[in-house]
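**Student:** Just dropping this structure here.
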Amino acid sequence: MVSIRLPDGSVRQYEHPVTVAEVAASIGPGLAKAALGGKLDGELVDTSTVIDRDASLAIVTDKDADGLDIIRHSTAHLLAYAVKELYPDAQVTIGPVIDNGFYYDFSYNRPFTPEDLEKIEKRMQELAKKDEPVTRRVVSRDEAAGYFRSIGEKYKAEIIESIPQSDEIKLYSHGGFTDLCRGPHVPSTGKLKVFKLMKVAGAYWRGDSKNEQLQRIYGTAWTKKEDQDQYLHMLEEAEKRDHRKLGKQLDLFHMQEESPGMVFWHPKGWALWQQVEQYMRRRVNEAGYLEIKTPMIMDRSLWEASGHWQNYRENMFTTESEKRDYAIKPMNCPGHVQVFKHGLRSYRDLPLRYAEFGSCHRNEASGALHGLMRVRGFVQDDAHIFCTEDQFISESIAFNTLAMSVYKDFGFDHIDIKLSLRPDQRAGTDETWDRAEQGLRDALTACGLTWEELPGEGAFYGPKIEYHIKDALGRSWQCGTLQLDMVLPERLGAEYVAEDNSRRRPVMLHRAIVGSMERFLGILIEHHAGAMPVWLAPYQAIVLNIAESQAEYAQSLAQSLQKQGVRVAADLRNEKISYKIREHTLEKVPYLLVVGDKERDAQTVAVRARGGVDLGVMPVEAFVERLQEDLRSFK
C-alpha cells in the first residue's frame, strides 16, 4: 500500500506503486491532461516517475512557476532537436533555463543568421505539433559517454566524463533526439505551444575564453500567448528606455574603447549625478553619518590582512612602486576600519557612522561590461557603522527607515527585501549567528517590512539584508545592502574600550542604499525613460526666444531664474521656434519657456510642460512658484 498526501491535506492510497501521471488521473481527467510534472517530497520530478513509498505530492501544471520552468527547459531541448534536424553537423552542448526563457549553445562551422532562426523556430513548431512523447532512461556514465561519442557529440561526452563514475545519468528522448539532462521534462512535445527565438550571441565552451567559441541561441517560452506578447512588449519598451541609447540622445555620457568600463560624463549627465550625490549627502548627514575620504591606492599588506589579496586579487587592479605592491581599492571597508582605529575609541563614541562616496575599481571581464550597469570604475554611497552588540538592532532599524525613504523619493515604490542566512562554511558560533539573524529580523519587523529568507546565502562573515527595487517595467534590481560583519574588525584589529575598561571588537555594519552610483543612474534613466523628475533634471527649464528681438529678454530671464536656484539655460539660436521646441522636447526638459514680443513687453512667459502640455502665459513669479511647488511635493 502506497499513501500519497496531497497539498490540501487529503491522503490517497494505492494498492501498488503508481506514477505521478496516474495519481493525477485518479484525481480527475482535467488534472491528468494539465499535469507537467510533480513535486515529490519537495523534489521536482517527471510525470512518469514511479512512487513506491509513502510520500507527499503536488501535481505541477502550467499555473505553477515550476511548470513554466519545465516548459522552458523542454523548449530548450526542442530547439536542439530542431537544430540537429536542420544542421546535422552542428554539435550540441548545454541548454539551461534562464530568467524569462532559455538558451542553448551550439558548435557550428558558420554563424547562425536571422534567417536561420526563422527556419529553426518554424521547425520547432512542426516538431511540437507532432506531440511526441518525452521518455527518460537512466544509464551508467560509461554507457552515456559511449553513446554520445558514437554519434559524434564530443561536447556532451566531455560533460558526462567529468561526472563521477558512480553517478546515474539521465537521458531524455523525443522523436529522433536524445539529450543528457537532470530533468524533469514535459510528458510530450505537444505541451510546448508558445515560444519564440530571440537572438544569437557568442559564448565560450565552459565559460572559459581559452576554449572554443560557441553560438548561443536565446529563446523565450510561456504558457499563454498573452503572457509572451506582454513580455515582448516589455522588451520593446526596455529597448526604448535603454540607458545607453538615452545617454547618447540626451547627451549625458559616453564610453569608449580606450577606457573600457569607465564613464565619460558630459555636463548634463554630471549635473544629474550631482543632484543624486548631493541628495544622498544631505540624507546621510541628517541621519548622523560623518563623511570621510580614504585613499584609492593602498599597500598590499593591508589587503592581505583584510583577506582581499588572497580571495579577491583577480578582481583587483594592482601596481608597483619602489618595490612595494599596491592595489587600487575594489571596496572601501578596510579604509574605514583604519579611520576607526586611528585613536582610542570608547563605548561612549559608539555608534560611529562613517560615510564615503568612495571611488572603487574592479577588474571585470570585458565581456561582462554593460553601459553604466556593469563598469570597472564606480562610486559607491558606502558607509560603515561601528557599534556595540546592544546597538546593532536600533542601527539596522534606522537604516531600513532611511533606505525606504530614499527609494520612495527616487520614484521606487515596490521594494523586495531578502535576508541571506548562515552558510555551511562560516565564522563565529551558532549562538552568534542566532543573535545576528534574529536581530536583523527584529529590525525588519520593527519597520513593518516583509522579507524572503534565503538559507545558506549569507557571507561566511555574517548575515545580510538585500533591497531589490522594481522599476517601471517590473524588472528587479538589487541596490541596497545591510551586511553584518563578524570578521573584518578582528582581522584588522578594530577595538573599543567598553564600560568595564575591557577591549572589545565593535559590530561592523556595511551598508549602501543606491550601491554603485553609475549603476543606479542607469536604473534611474531607464525607470523614468530619461524624463527625470523636476528635482533631478539636469535642466529644469529652457528659455526660447522666437526672434532676435527677444534675445536680450530671454537671456536676462534665464539669468534671473538661475539666481533663484533654477537649473536653466537660454536657447538664443537663430532657428525656427518649432525646431527649438521639438529639439528640447526630445531632450525631455520639464519646462520650455517661450518668449515673443508680447511676453517681453508684459514681462511674462508662455509655459509648456513636458509632454506638450500648454500651461499658457503667466508672470515669471507664477512660473517660479509652480516650479517650487513641484520641488515641495518631492520634499
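Placed from the backbone N, Cα and C atoms, the Cβ positions cover glycine too.
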**Student:** Of the candidates His185, His510, His527, His528, which does Swiss-Prot annotate as part of the Zn(2+) site that also includes Cys333, His384?
**Tutor:** His510
**Student:** Near Cys333 (Zn(2+) binding site), which residues of its own chain have a C-beta under 8 A away, given they sit six or more steps off in sequence?
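**Tutor:** Ser306, Asp382, His384, Asp485, Leu488, Met508, His510 - these are the non-local Cβ neighbours of Cys333 (Zn(2+) binding site), listed in sequence order.
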**Student:** Quick check: in three-state DSSP terms, what is Cys333 (Zn(2+) binding site)?
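**Tutor:** Note: Cys333 (Zn(2+) binding site) is helical by DSSP.
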**Student:** Once Cys333, His384, His510 are set aside, which residues in the chain still have Cβ within 8 Å of the Cβ centroid of the Zn(2+) site?
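**Tutor:** Residues close to the Zn(2+) site, other than Cys333, His384, His510: Met331, Asn332, His336, Val337, Asp382, Ala383, Gln483, Asp485, Leu488, Met508, Leu509, Arg511.
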**Student:** What average pLDDT does the predicted model assign to the domain 'TGS' (1-61)?
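**Tutor:** Per the prediction, mean pLDDT sits at 93 for the domain 'TGS' (1-61).
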**Student:** Using a 10 Å radius around its CB, how many other CB atoms surround His510 (Zn(2+) binding site)?
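**Tutor:** Within a 10 Å radius of the Cβ of His510 (Zn(2+) binding site) lie 22 other Cβ atoms.
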